[in-house]
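**Q** Mind having a look at this structure? Questions to follow.
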Amino acid sequence: MATTTMRMIISIILISTYVPHITLCQNITEEFYQSTCSAVSRGYLSALRTGWYTSVVTIELSKIQKNVCNGTDSKVKLIKQELERYNNAVAELQSLMQNEPTSSSRAKRGIPESIHYTRNSTKKFYGLMGKKRKRRFLGFLLGIGSAIASGVAVSKVLHLEGEVNKIKNALLSTNKAVVSLSNGVSVLTSKVLDLKNYIDKELLPKVNNHDCRISNIATVIEFQQKNNRLLEIAREFSVNAGITTPLSTYMLTNSELLSIINDMPITNDQKKLMSVCQIVRQQSYSIMSVLREVIAYVVQLPLYGVIDTPCWKLHTSPLCTTDNKEGSNICLTRTDRGWYCDNAGSVSFFPQAETCKVQSNRVFCDTMNSLTLPTDVNLCNTDIFNSKYDCKIMTSKTDISSSVITSIGAIVSCYGKTKCTASNKNRGIIKTFSNGCDYVSNKGVDTVSVGNTLYYVNKLEGKALYIKGEPIINYYNPLVFPSDEFDASIAQVNAKINQSLAFIRRSDELLHSVDVGKSTTNVVITTIIIVIVVVILMLITVGLLFYCKTRSTPIMLGKDQLSSINNLSFSK
């Protein structure tokens with residue numbers, strides 16, 4: 001009965017490099033600003049990713065026909081079982097890349113005999129993604145985004161059989177060689193022969209024996225241990241559809257990682273930092289590629305081009321008025337919270353703080369997620385109304401109570417009838433917060449409670465400084481304060497307030513002018529009426545006087561009239 005077997009040659013650089021341990025003492029200081037309900041945690045050092053370093057790992061599969069083996073020993077069965085597991089792993093990887101051969105062709109090929117495992121470290125970076133990709137693989141790559149574009153470019157090249165043959169041929173007579181790929185990339189390829197020698201000299205002579213006699217169970221165990229890596233690689237790629245992160249020790253062992261770091265075009269300080277920080281693995285990727293009987297995957301490591309510059313984190317919480325009736329308060333919150341790091345004369349701002357990883361007092365951030373700001377942004381902490389930088393805020397009229405856990409304490413925004421306390425696990429409640437924004441350090445405090453929500457404070461060591469000041473929200477008039485401004489600034493809010501005040505002043509002026517006009521008209525009308533009434537009264541008075549005078553005056557006759565009357569009477 002003809003059977004097949006598999007052997008694996010892992011090409012790795014084993015470089016003995018002394019890497020001194022880096023101790024980062026925690027010297028955190030925290031400043032709480034009562035006026036803006038914010039806190040700044042300082043004392044951190046930067047490790048900002050500015051590029052990628054790409055390495056290539058290839059596993060070459062080939063076949064060999066094995067002599068008839070009729071052995072029934074349990075150890076022989078274990079060997080056969082182990083070979084079958086690897087055959088299934090290879091088939092799964094090929095299926096993942098949609099390059100799975102038919103069952104008949106796979107049966108004709110038989111199980112691959114040898115696996116040549118090489119490590120190739122690229123010496124430059126790439127940023128183009130190939131257009132023609134396998135559908136299943138491409139969909140996942142597009143989901144990752146441009147962060148791994150350089151690794152994808154190399155992965156595309158590895159689909160070309162000629163490129164893989166270049167690597168294979170370069171390693172025929174040497175354990176270390178530089179290969180130039182078709183896209184202009186220079187690849188440093190290295191290998192060692194420890195596993196190859198084991199398979200050739202220890203395993204295959206026993207397995208290929210006619211009766212498959214394996215007298216020592218240690219042979220089986222050692223074979224399982226050495227081949228466990230391929231199984232894990234196949235499992236990780238299968239579960240993650242061709243791209244894995246973080247980078248496991250199966251994808252790249254610690255010795256291999258140190259070897260790659262040693263070859264990176266970075267300073268010794270950067271190499272030391274990368275050698276001792278596990279976050280390097282968390283921020284790395286491995287990208288799979290399969291071509292016929294070659295399994296290849298690209299390992300992409302972060303390059304921290306900016307290190308040891310000061311970093312600080314801004315924490316903010318709602319600041320509301322407390323003197324008004326329930327439902328009529330106004331609130332203001334700084335929206336510029338996140339990580340800040342000095343970078344080449346400016347400040348790199350990372351608004352999504354969770355994208356940065358902290359180890360001790362070292363902050364690992366990706367500059368792809370940052371905004372570049374002027375150094376004047378620091379003025380927002382000490383003088384939010386400064387004229388050099390327009391500080392970012394949001395406004396509302398909803399005074400919701402909450403707490404923000406800082407590096408060495410907690411900010412507590414307590415409003416309305418919510419009960420807010422700080423507690424010690426042994427002494428119970430040690431502080432009750434009044435309405436407003438307050439701060440408590442972690443000295444003697446284990447938890448902070450806001451209503452029914454319990455917060456656990458961090459237990460880092462540091463020094464906290466409470467900077468008192470009048471809450472700036474008290475400077476604003478609730479009647480003209482703009483609400484629901486979610487992406488605003490101090491200048492924009494003040495401008496809207498000034499517009500509202502100007503509108504009110506104009507309304508008052510118009511109202512005043514209308515009142516004055518009405519008053520003048522009323523006076524004129526009243527005056528005219530009074531004059532008319534007076535004139536009428538005067539006319540009536542004169543008429544009455546004249547009439548009365550006429551009625552009361554006797555008739556006086558002259559002498560001539562009287563003489564005429566007398567003569568008339570005598571003549572009769």
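Placement of Cβ uses the backbone N, Cα and C atoms for every residue, glycine included.
Remember, predicted model here, so these are calculated numbers, not experimental data.
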**Q** Based on the record in Swiss-Prot, give the one of C391, C420 in a disulfide bond with C414.
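**A** Swiss-Prot says the disulfide from C414 goes to C420.
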**Q** Between 156-207, 260-311, 520-571, which stretch does Swiss-Prot give the note coiled coil?
**A** 156-207
**Q** Check for me: which candidate out of C320, C341 does Swiss-Prot give as the disulfide partner of C331?
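**A** That record, Swiss-Prot, gives the partner as C320.
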**Q** How does the model score the topological domain 'Cytoplasmic' (549-572) in terms of mean pLDDT?
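**A** Summarising the topological domain 'Cytoplasmic' (549-572) by its mean pLDDT gives 53.
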**Q** Just checking the recorded positions N27, C331, C391, C548: which sit within 10 A of C414 (disulfide bond), CA to CA?
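**A** Cα filter at 10 Å returns nothing.
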**Q** Other than its own, how many Cβ atoms are within 10 Å of the Cβ belonging to C365 (disulfide bond)?
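**A** For C365 (disulfide bond), the count of other Cβ atoms within 10 Å is 28.
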**Q** Out of C331, C341, C356, C548, which of the recorded positions is least crowded by other Cβ atoms within 10 Å?
**A** C548
**Q** How would DSSP class C391 (disulfide bond) in three states?
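**A** C391 (disulfide bond) sits in coil per DSSP, no helix or strand.
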